[in-house]
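Asker: Provided herewith is a single structure, encoded as structure tokens, for subsequent inquiry.
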Amino acid sequence: QIPIPSVPAFQPSTPIPERLEAVQRYIRELQYNHTGTQFFEIKKSRPLTGLMDLAKEMTKEALPIKCLEAVILGIYLTNNMTTLDRFPISFKTHFSGNYFRHIVLGVNFGGRYGALGISRREELMYKAPVFRTLSELIFDFEEAYRRCWHTLKKVKLGHCVSHDPHSVEQIEWKHSILDLEKLSREDFRKDLERHARDMRLKIGKGTGPPSPTKDRKKDVSSPQRGQASPHRRNSRGDRRPSGEKKPADSKAMPDLNGYQIRV
């Protein structure tokens, strides 16, 4: 019988780098799918919650997977690591007259970049989070491709993925598309760092979407309450003069009202 890999479980005190190694070990234990048949159909347009349900099914079936499935599984297994930023990185390479595509899950922890994934080649999957910049990580992948006689043609970078497994938002797979044939080396590096800055800005805004929403609600509701009170006061005030029987002396008001109520 083929042993079924166990889904990694972590103690709260387990450091993030160790958790990432355990997740990668689990992905590797599932093995790369060489059969030519895709066991799990992944539609990139599906909301995150649907993809997480599919990842849960992957852990139950424990079948061999390919690179896109490994990315979805990596997101699923790191959802509880809220201090870890995850984003997809896609590669398009050329070798012997053919084009090849590959995808990994980029990670950023404590300002250091790395990657999770699966590939036929060991050097094209896991990268420990030790790279100081996003460009260093991508250049390392480019060098790994060069050792495999592949020429890197395009890099597509997505934005950070939500940690909410029930989110109905879609993963942004290709926020930045970098064509190496049209970019100089320095421009390529600058575009990579620009994307890294964009992600940091989005994270800064993304950690606060609930807060701005609440603030907006408060800003909207407070004026309404403040405006509603004068309207209600004015409406009451308008009703009182319309009676034409309101006495000038306000002290007589309780007796008059009581008389009106009794009538």
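Glycine residues also receive a Cβ, built from the backbone N, Cα and C atoms like all the rest.
Copying in the features that TrEMBL gives for the protein in this structure:
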ACT_SITE  C67  active site
ACT_SITE  H102  active site
ACT_SITE  S119  active site
REGION    198-263  region 'Disordered'
COMPBIAS  235-249  compositional bias 'Basic and acidic residues'
Asker: So if I measure Cβ to Cβ from C67 (active site) and keep only same-chain residues at least 6 apart in sequence, which ones fall under 8 Å?
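Answerer: C67 (active site) has long-range Cβ partners H102, I103, V104, G117, I118, S119.
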Asker: Any idea which of the active-site residues H102, S119 has the thinnest Cβ neighbourhood at 10 Å?
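Answerer: Looking at the active-site residues H102, S119, the Cβ with the fewest others within 10 Å is that of S119.
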